[in-house]
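Engineer: Would you mind keeping the following structure in view while I ask a few things?
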C-alpha cells in the first residue's frame, strides 16, 4: 500500500481497457505505409482460407471458419454463422467483432448477406442476423 507522500508525488494510474477486437482499430495508409488508429465497427477483407475446426472440451461439432486478410493488412480468423455458406477462397467478406466462446483465437464474425456472403436461406426467425430475406407469402 502506498504512503500519502507517494500518492501526492505520483497519484493513481487509471487502468486502460484492452480492446476485444483489436484488428478493427486500425486503418492502413498505403501511400505512407503506416497504420493509423481509427476504430471502425466493421472491416472488409478477402477470405484466404475456409475450413472447419472443432470446439473446446465439453462441446463437439465442426464449426465453420474463414481466415480473412483485412483491408488494413491484418489477418484474422472469423466465424461463419448459420447453416450452410457459399464462401470460398478469395471471397470478399465483411467482418464484425464478437468472439466464439468455444473456438480459441476466433474473435470476429462474418456478416451474412453482404458482399460475397449469401444469407441463410429458409431462415424464418432472427433473419436480420443471418442476412435472410423476408419470405414470399
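The backbone N, Cα and C atoms fix where each Cβ goes, and this holds for glycine too.
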Engineer: According to Swiss-Prot, which listed range is region 'Disordered': 1-22, 67-88?
Structural biologist: 1-22
Engineer: Identify the region 'Disordered' range according to Swiss-Prot, selecting from 37-57, 100-120.
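Structural biologist: Here Swiss-Prot associates region 'Disordered' with the stretch 37-57.
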Engineer: Just to be sure I understand, if DSSP states are collapsed into helix, strand and coil, how many residues of the compositional bias 'Basic residues' (9-19) fall in each?
Structural biologist: 2 helix, 0 strand, 9 coil
Engineer: Long-range same-chain neighbours of residue 102 (3-methylthioaspartic acid), Cβ under 8 Å, sequence gap at least 6?
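Structural biologist: In sequence order, the residues whose Cβ lies under 8 Å from that of residue 102 (3-methylthioaspartic acid) (at least 6 apart) are 55, 56, 59, 63.
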